[in-house]
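From TrEMBL, for reference:
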type	residues	note
TRANSMEM	12-40	transmembrane segment
TRANSMEM	71-95	transmembrane segment
TRANSMEM	107-128	transmembrane segment
TRANSMEM	140-162	transmembrane segment
Amino acid sequence: MGVKDGFMGANVLTKIAFFVVLLAVVVNWIAFCTTSWYVFSGTSYIGLWRQCGAATCGTMLDGSPDDEFDAIQAFAIFGFIALNVGFLLIVLYMFWGSCKGNAETGIASAITLFVSAGCWLISVAIFGAEYEDFTGRFGYSYALAVCALILALIGGIIMIIGGRGNSSVSSK
């Protein structure tokens with residue numbers, strides 16, 4: 001049985017969750033890796049890991065003495081990893097032998113997606129509270145982090161509903 005058969009054998013909600021979470025993973029990677037969480041002016045940006053000026057990105061922010069920023073980074077890491085693991089569990093649920101259609105795998109993916117959404121929520125909430133009084137605006141990376149948490153939450157809800165086992169998968 002190939003990938004096509006595995007995809008066609010999955011229920012509709014699982015297919016929807018697959019694409020929602022795939023989009024969340026792409027958005028997750030962009031938000032995590034880019035430096036436009038906050039734009040101070042047209043030429044000065046700050047991201048999770050470094051601050052960029054007009055000509056160079058050099059100020060590294062990891063390991064900073066700022067506890068709030070350390071919390072932002074920590075919860076972003078947990079959210080990033082959990083979202084990737086949640087997607088992996090959906091792939092296993094849809095395509096991989098004994099995990100295929102397994103209710104425990106489906107529920108585990110939903111729980112992992114909820115953990116990811118919660119971690120991203122904490123990260124963007126702390127970041128938003130810390131930078132709300134600055135002159136500037138939130139950048140696209142921050143918006144994508146919010147999108148990642150919303151999509152992870154939606155994917156988790158869909159997997160709770162549709163991940164209770166797949167009756168169309170035959171057992172051997």
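Any Cβ shown, glycine's included, is placed from N, Cα and C.
Worth saying up front: this structure is predicted, and the values here are computed from it rather than measured.
Please go over these features one by one and say how buried each is and what sits next to it.
A Cβ distance under 8 Å defines the sequence-distant neighbours of the transmembrane segment (71-95), meaning residues of its chain 6+ beyond its ends; these are 3, 6-7, 10, 14, 17-18, 21-22, 24-25, 28-29, 32, 48-49, 61-62, 101-102, 105-106, 108-110, 112-113, 115-120, 122-123, 126-127, 130, 145, 148-149, 152, 155-156, 159, 163, 166.
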Which residues, given as numbers and ranges, are at least 6 beyond the ends of the transmembrane segment (12-40) yet have a Cβ under 8 Å from it?
46-52, 57, 76, 79-80, 83-84, 86-87, 90-91, 93-94, 106, 109, 113, 116, 127, 131, 134-142, 144-145, 147-148, 151-152, 154-155, 158-159, 161-163, 166
